[in-house]
Amino acid sequence: MRDASPAKTYALHIGVIALLFALNFVLPDYHQGLFARIMALAVFAMGYNLLFGYVGLLSLGHAMFFSAGLYGAGLTVHHLGWGVPEAFIAGVACGALLALVIGLLALRTTGVAFLIVTMMFAQVFYLLILYFAAWTGGDQGLVIQQAARVVSIGGASLDLTNPTVRYMSALAMFAIVLLITLAIVRSRFGRVLVAIRENEERTKMLGYDTGANKLAAVVASGAICAASGAAYALLFGYVGSSFAGVQYSILPLLWVLLGGAATTLGPLVGTLFMYYVTDITSGFTSAYLLIVGVALILLVLFFPKGILGSIRQRWLGWLP
Amino acid sequence: MHFGPHLLLAALEGLVTSAVLALTALGLSLVFGVMRVVNVAHGEFFMLGAVLAWAISTAIAGHPAVGFVAALAIAPLLVGLVALIAERLVLRRLNYNPEGTIVATIGMLYIIQQLALTFYGPEARPVEPPFSYRILLPWFGYSGYKLSVVAASAILLVITWLVLTRTKIGLIMRATQYDRETAQAFGIPVERVYAGVFAVGAMLAAIAAVLIVPISQAHYLMGQDPLLLSFIVVIIGGLGSLRGTVVAAILIGLSDGIVSMFFSPTLAKIIATLVVAMVLVFRPQGLFGTTQR
């Protein structure tokens, strides 16, 4: 049904990436920094969306994949003195490996039990970070020095603490992950995932190995979230246990619900929207959590499909 | 102190934890069992009970027992009212859809927590116990109030069990739990049962909180640990099984008391959480539960 307009779809995604590229040169300093952060976290939301939106698995433990990337990158730089590219790869590998183990265990359960199991594994991960405070810095966290955040390619060196370099690095990762997600969604694999969401028994009966497909989705989702975490550590230079707390498992759920589950651009829209709502309201009130709470309830009551989900339903049926 | 008395002290502390935990987890278990709703805001109803207990007992002058009894009577009713409103405004409109209600109760969690922070503040505040009688054992003195908490909890659990198994209300609840649609076809007002169960579940948590608040203190973040522990108890006991819930609460409470007296509390939590997660993975019906429907 969506294949009717592949050109339109690609044009839209390239357009969004081009727009973000152009914004770098127009945005004031403060908003440039905010956008870099939003793009890095939107990747986290995209990873969450792959599992929640397309496979329909509600996890409350994705903070562990994000922080696996965060610590995988942060600790190798801090303790082993690794360079930025190696540390990034280490972060993603940690997330993928953790996702594989968690997936093998948690996928034995379904529905509510899946949610509770993922939440508990994430809690264990969080407590482990606190327990090994000697290496992880515990709830104080670790600051990654500026000198460790410089990439040298050939003769040129890129300083990730420079705002423009940071923005462009975040955009590059965002663009790559966005195109990967789009490719997954349009592929045979993506369609099987949606089929599992709609009716797992029937998909199984049609001869698909739903278990293997779900496991692959968990690993892909975990790796993408870890990429976001690794990039966050390297771009913003801070690693801390608060990123592993249950709140960071709920935030991607909120962003995805807000932007529209099972839409490729929804995670970006949701993250962007929520960040700016928080940013604007923080001028009037410190009750940030109240806004999150009210937003969650209103969304689930009145816009269960989110912003892009509603747009797709009303006007743009071809939106991926 | 020698090892024996030390162990006895740890066991007594664990028993108090178990008593409070059993009540809180029973509330969660009822809501899940009858309504199939995972109430993530359950810990916040617990916290709300404790905070209201502080507010009521400080508003009433005179002997601490008067304030405490007033808190024990009023705080759970107020929490029940809040739960009833939440059920009417949100859960019913979602038609008790499992995933929708999870997201909505996460929202409630944040709203209640933030309101408590705004109006009550970040301080931890104590409530004076209604009496301060100490029972003198040969090795150490032990708070009589703590033992009365265990007794109060036991009485409440027995009452709940009697209501569930011996009264018409209990029969209606069990019928709704067993098969919602058939129950409705037989003229049971399912929506009112749901509203009542949700309120009662929240009230059980609030009662547990009022009982514990003279021992620990009221704090706006105090709902997180009871929530996770209640989840653990409900899972180990088997979802929706009252007997399993009580047994699991005693098991978890005692082992928590004993383990955290001899090991680092973080390590104890890590092991406990991991063990429970594994139970859920490999024995989803719980240790005592029968097969899920």
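Here, residue 1 is simply the first one shown, and the rest follow in order.
From the backbone N, Cα and C atoms, a Cβ is placed for every residue, glycine too.
All TrEMBL annotations are machine predictions without curation.
Since we're looking at a predicted model, the values are computed, not measured.
For B:6-33, B:45-62, B:68-90, B:102-122, B:142-164, B:193-215, B:227-254, B:266-283, the entry in TrEMBL reads transmembrane segment.
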* Structure fact -> For the transmembrane segment (B:45-62), the distant same-chain contacts (Cβ-Cβ under 8 Å, at least six residues beyond its ends) come to 24, 27, 68, 70-72, 74-76, 78-79, 82-83, 112-113, 116, 120, 125, 127-128, 201-202, 205-210, 212-213, 218-223, 226-227
* **Residue numbers, six or more beyond the limits of the transmembrane segment (B:142-164), whose CB comes under 8 Å of its CB atoms** => 9, 12, 15-16, 18-20, 22-23, 26, 129-135, 170, 173-174, 204, 207-208, 211-212, 214-215, 242, 246
* By Cβ distance under 8 Å, which residues at least 6 away from the ends of the transmembrane segment (B:266-283) in the same chain are close to it? -> 228, 232, 235-236, 252, 255-256, 259-260
* Short question: which residues 6 or more past the ends of the transmembrane segment (B:102-122) have a Cβ under 8 Å from it? -> 37-45, 47-48, 51, 54-55, 82, 86, 90-91, 94, 218, 220-221, 223
